[in-house]
């Protein structure tokens, strides 16, 4: 998963790109980068680390121009190597800089096809997309994007600066990854989430439709075209976990969606006869869900776990070893709110069970009498191949373990999962990709592709575990 932003401005855009990337930092912690264009040349800076680390003030001063794109990344294809950081640039047939959010399932196949005529310097899927785009450009970015949509299987939102043409953006035919377009006077913006537009003072024009492309040329003229129409299958995990709560994605408030999930969870808690003394969120994503759950149960809501805000998001770390190490430093219990009480913890999801088990132990050590665990999401039994970091079947605890077994592994007195029916009532079904819960993928996935992804993923995991021994 990543965060992207692109701006066509009247004047220099660097500062707004920087602020926008800070607003999207939750979407990627591994690397950050920015490219700008002043009508004559490209300027770029990227690297591993957080936005403020990679793009200090002296670097921003060197990034000139009124066209710019930015990116924050956590890796799904490839590893966390610095050469995988975005944006990517190419200089033939014209200068093009590109960023993307998502994942290309048939990346390895496309990479092999390009190998004979293009030298690729990374294992980042946007480099493959950039080369296909460049090969097919011929002064029409819409047709180049059509070729990508015909050949690339996956979910993606893409922004490119094309020298002599302008700022071009397109969204995959199922609109799996979020993408929004806005305007402020003579300036135009594309971004992964509406929160960026809100912070920078832009008015929302629209969410890009499935398969749509939009060009803002160098004179500010906007051209919109439907490139390859498809049925919307927006990623439902954005609403459960990934997006910021104040964002609105495809005309749905993320905050309201999480409140609705809490109301549905309360029904399950009542059905199971769970009677807590206090409801405690595992910060930060689960707060709205926990608030609604507490209200429905008529039980006090308390901030019983305090987060160190300088610790990164554990979900999007590369290995279990990293997650376990950081959970220890990330959360600290408020003993007065937990000791002697029946505590209902609320979290957004259980993928691997790594962090959940450690948090339960933390709460018990703080003196909780009983610990219950409520999850906003249903059991995750199938991998995501469209950009969320759960691409292999072996890492999904709910795929091999029953609910009772997971309860025992976590060491809780009761485990409350969201139901698929509850998810449907809270957020919806028809317009969403829920493949991680029900196995219904929006695109066709070949068995060979799955095996190749899992093989590469396992090899990467082992290499990172080895490296982590020296940290």
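Each position is counted from 1, following the chain as shown.
Each residue, glycine too, has its Cβ placed from N, Cα and C.
So that you can see what the record holds, here are the features copied from TrEMBL:
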- 2-219: domain 'Glutamine amidotransferase type-2' (DOMAIN)
- 2: active site, nucleophile (ACT_SITE)
- 235, 384, 433, 436: [4Fe-4S] cluster binding site (BINDING)
- 285, 347, 348: Mg(2+) binding site (BINDING)
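Separating the Cα atoms of residue 235 ([4Fe-4S] cluster binding site) and residue 348 (Mg(2+) binding site) is a whole-number distance of 15 Å. Among the recorded positions 2, 285, 347, the residue whose Cα lies closest in space to that of residue 384 ([4Fe-4S] cluster binding site) is 2. A mean pLDDT of 95 is what the model gives for the domain 'Glutamine amidotransferase type-2' (2-219). Within the same chain, residues at least 6 positions away in sequence whose Cβ sits under 8 Å from that of residue 285 (Mg(2+) binding site) are 240, 241, 245, 258, 348.
Residue 347 (Mg(2+) binding site) falls within a strand segment according to DSSP. In sequence order, 237, 380, 381, 382, 383, 384, 388, 390 constitute the residues six or more apart from residue 436 ([4Fe-4S] cluster binding site) in its chain with CB-CB distances below 8 Å. In the structure shown, the C-beta of 348 has more C-beta neighbours within 10 angstroms than that of any other entry among the binding-site residues 347, 348. Distance from the CA of residue 347 (Mg(2+) binding site) to the CA of residue 433 ([4Fe-4S] cluster binding site) is 21 Å. Listed in chain order, the residues near the Mg(2+) site other than 285, 347, 348 are 240, 241, 281, 282, 286, 289, 346, 349, 375, 376, each with its Cβ within 8 Å of the site Cβ centroid. Compute the center of the Cβ atoms of 235, 384, 433, 436, which mark the site for [4Fe-4S] cluster; besides them, the chain residues with Cβ within 8 Å of that center are 176, 236, 237, 386, 387, 388, 434, 435.
Cβ neighbour density within 10 Å is lowest for 384 among the recorded positions 2, 235, 384, 433. Under the three-state DSSP scheme, residue 436 ([4Fe-4S] cluster binding site) falls in the helix class.
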